[in-house]
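Chemist: Next up is a structure, given as structure tokens.
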Amino acid sequence: MVDFNDLSVELKKTELIKEDLRNLSHIINNEFSYFCQNENKNVSFNNNISSYYNDDIFSKSTLNNLYTSWKLEDFSHFDFSSILDILKRNQYVMCSIYFLLIFSCIYFLTLLLYTKCIKTTLKKWFCRYCSENINENNSNHNEQRTVLQNVINKSCYFITYSSIICLLLFLLLSGITYMHYFIKTKKGIHSNICNIYTRLDKFLLNKCLDPKKVDTSCYSAEHILNDLSSILEEYKKVKQQAKDDTLLDENTPFPLLERYITTFNKLNVLKNNINKNNTTLENEYFHTYPALKGISETLTTIISEGNKNFGNARNVIKEVKSTIKYSFHTVDETIRNVFKDSVPKITGLITQAGKSIKGINNKYKIKERIPKYTNIILLTNIILLLPPFLILLGIIIFMIFILMGYIQKNNNFFIKLFGHFSAYFGLLTIIILSFGILFLSTSVIGGTSCILSERILKNELRFDILNNTLIDYCIKNESAPLIDDDITTSFVAKINSFDTGHIDHNINEYEKHFTILKESFFHKSLKFMDYIWIVIMKRENNTFLNRIRTEQVKKSLLITGIINENIKYENMEAIGIRSYLTTLNKIIFPENNGKICFNDIICEKENNTYNITENSKTTDQKYRNIRDGMDEHLRNDLDAIVQLFVYKARILKENIFDINDLDSNEKNKIGWSEYTPRNINGTQKKSIINTFLVNVIESINFSEIINFFDKMRDQFNVLKDLILLKIDTLTENTKCNKLVKELINVRKDYCNNVVLNLSTLSVYLIIFSITSFLLWYLFLFLWFYYNIKPS
């Protein structure tokens, strides 16, 4: 059994590989499970690839106009300059960049206005211009105009500050919105990484909702190893069973054949038991089993005919043993070759996957860097939004004080801060617009990759770089298997070469002998089975029967059973005790001055009656009284009849039959109702004789040997079917459409959850920066107006 032990070693190797998979899954889980917090991932699977685009939000988004600046030549030699070319052709990116450059120059120039020298010069020039206008328009109505001017000033304050408040509110709203989309983008990145991690984990280990059910969406390397293990386990079981059944050693007696010989001895035991108990019934109780005597004769024929087929059985078993040994040799070679060719490839893929994941982990530190940088950016944005919020509160309070008259125009200390506000919003515009351009550029490149990948996956666009690759092959052949057809075809051919047809022919040839034997037995003996419980009077050497002189009484007594009912079987009829006694009472008591009954408690209580039981005697006084009242020539006949009926009652009550030779656990004798139970109202009660006989006959039938080898052949077929099933499962669950669907899912998660949110985020950042620019301009104007004009 060297081959058997070698396969056990291979089985241990598969377990070690599975352990490596679990360790690798643990490493991936430690690194990437962080991104799956609060995620409920249930990856669905659909055979229709087109349905995977139904929920593709990216393809239907109006933001697709942002991603139209690419050309095919950009990807002929894709590098950093290609990215710059795409961005240069994007009008939105370039407009934002130009605006940023121009505004930055203007902003830094306006900072000169806050210097004391420039501020003094501008104020002198403005004051000179104002003085000339004031002298020309000076009049005697200054007092009335002062009231009107105050009203106009307050209205101007209200309108101006209301505009500022609206812009600040819009700024905060756009800021909150872009923070919302920033968080969505962050979650999208987490979700995308989580999806990739989940799919990698499902590729390694069995993560199906029902671990026992193979699902294409979660078919994994562990499934492949489990399939290999199940093939080995099934093969070990078949081979071990063959070893236990001595099928691998032609010199060892075949157990079933030994049982076959033992079975014939059991038939002799049964025959002897029937003869022994029937002899007891005849000699001690003057009754007999007519059906059992027929069965005994049939057993003699069965034993004689069965022995003739023993030689045939020996020859067919020898031939089958030789065939099974050859089949095991073929299976051993096939499985060994499969392990030799396939296991290194699988382990190589697993090892390479582990190295790649560890390399990405060590190089990029994804888990640490992504949360770190996203949190820093988010915190920075929150800090940048705090000053606009405080300015908004300050202006609202300032407006309230102006309306209430607490602050005069010459005492507007808050207005002095407008220069600082302008400087802040200008700087905020530059910072936010820079972020916006960065995110917009990233989203443009990301969106371009989404559009290209969609067209590639739909086989609408091809790149030379993908030629002769697995992805290119699978896109063109969605239903093609990833595994080479030659591997599965050659393997299936080897498995299907296991031809057991010649075994079937030989076994079926010898089966005919035993089929004829079985049919002969059931034809001869089954007709007795329903009536083996019938007991009638013994004809030969029956002392009591011979005493009866009245022929009318004696003849019907011969076929009277031991039960009350009449029984018909075959072409014979057994008279029931009730019928017989009714006729007997009419004969011996024509004047109804007496009555004989049998096991009848009610009758026993009546006058001029005698109830026969197992304890009855012809010397009983009640019987003597009835006997004395009948014709004298019938009295001796009645005595004999009563004594025979006492034996009938004893047969019904006493334990007569010894079955220890049939059942070694049964030491005590049993009664008639147990030895040969009666079938009443269609109820089938199996006697120990019936059960023993049928079981023995079935067991000696060669069909048991046939069934055994059918079972062995079925086990080989189960092994073959299992291997074919696992190959089909592997092929079906590793088709190209699975790879394409996984790529579509990764693309869809990336484009919908990351690129689209990032594009929306960049739009709101630009809106925010434009609003900040307007606030910069407004505060700069107000500062210039209030600080340069004369008091």
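Each Cβ is built from the backbone N, Cα and C atoms, and glycine gets one as well.
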Chemist: Among 225-284, 285-344, indicate the range for which Swiss-Prot gives the feature coiled coil.
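Modeler: Going through 225-284, 285-344 one by one, Swiss-Prot flags 225-284 as coiled coil.
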Chemist: Out of the glycosylation sites ASN23, ASN278, ASN477, give me the one sitting nearest to ASN611 (N-linked glycosylation site) by CA distance.
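Modeler: Closest by Cα distance to ASN611 (N-linked glycosylation site) among the glycosylation sites ASN23, ASN278, ASN477: ASN278.
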Chemist: State the mean pLDDT for the coiled coil (225-284).
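Modeler: Mean pLDDT across the coiled coil (225-284) comes out at 78.
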Chemist: Which stretch from 163-183, 382-402, 425-445, 764-784 shares the most C-beta pairs under 8 Å with the transmembrane segment (93-113)?
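Modeler: Selected stretch: 425-445, with the most Cβ pairs under 8 Å.
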Chemist: In terms of Cβ proximity under 8 Å, which residues at least six beyond the ends of the transmembrane segment (425-445) contact it?
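Modeler: Tertiary neighbours of the transmembrane segment (425-445) are 66-67, 69, 83, 86-87, 90, 92-93, 96-97, 99-100, 103-104, 107, 110, 377, 384, 387-388, 755, 758-759, 761-763, 765-766, 768-769, 772-773, 775-776, 779-780.
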Chemist: Comparing the glycosylation sites ASN23, ASN477, ASN607, ASN611, which residue's C-beta has the most other C-beta atoms within 10 angstroms in this structure?
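Modeler: That would be ASN611, with the highest Cβ count within 10 Å.
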Chemist: Fill in the CA-CA distance, ASN23 (N-linked glycosylation site) to ASN477 (N-linked glycosylation site), as an integer in Å.
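Modeler: For ASN23 (N-linked glycosylation site) versus ASN477 (N-linked glycosylation site), the Cα atoms are 34 Å apart.
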Chemist: What number of additional C-beta atoms lies within 10 angstroms of the C-beta atom of ASN278 (N-linked glycosylation site)?
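Modeler: Within a 10 Å radius of the Cβ of ASN278 (N-linked glycosylation site) lie 20 other Cβ atoms.
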Chemist: Hey, how far is ASN278 (N-linked glycosylation site) from ASN477 (N-linked glycosylation site), Cα to Cα, in Å?
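Modeler: One finds 81 Å between the Cα atoms of these residues.
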